[in-house]
């Protein structure tokens, strides 16, 4: 709304200097946006709650009182793991987990390289059945890329904002 814009339009986030104007650029410049707003850093959620909170609540069908809880105690998992039906693989997608770095809409090329280096270093510490091969998105041979897509390990996005 105009009131929200007036309240927030001049604010700049601490982590990356992201603004509400930058957050809504995709909706201003491109048609057919699913949501029309992207957070540039973690601060965007804290600094622009008047905008982000209602969108998040509507999208996820939750109220403002909803709280996320995590419980990593594997002993509490029931009826999901059966001996006759073992888990063969697990895929983890990391999208926003390194404190102090901008999110995709606000990240610089240098920061993106730093994030990749941090993750590559972390991957080398995975041993045994947790280890694997790292495939960088840049410099990958097309044949390898297509095989990863065909095997459902690499996903292509039709979102023009992510290109």
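Cβ from N, Cα, C; glycine included.
Here TrEMBL flags 1-61 as domain 'Phosphagen kinase N-terminal'.
Taken from TrEMBL, the feature domain 'Phosphagen kinase C-terminal' applies to 86-163.
Taken from TrEMBL, the feature ATP binding site covers 89, 90, 91, 92, 93, 152. In this view, residue 89 (ATP binding site) is surrounded by 6 other Cβ atoms within 10 Å of its Cβ, with every protein chain counted.
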(message) Neighbour count, 10 Å Cβ-Cβ cut-off, for residue 152 (ATP binding site): what number do you get?
(response) 8
(request) Work out, from DSSP, the number of helix, strand and coil residues along the domain 'Phosphagen kinase C-terminal' (86-163). (result) 34 helix, 0 strand, 44 coil
(message) Return the count of C-beta atoms lying within 10 angstroms of the C-beta of residue 90 (ATP binding site), excluding that atom itself.
(response) 6
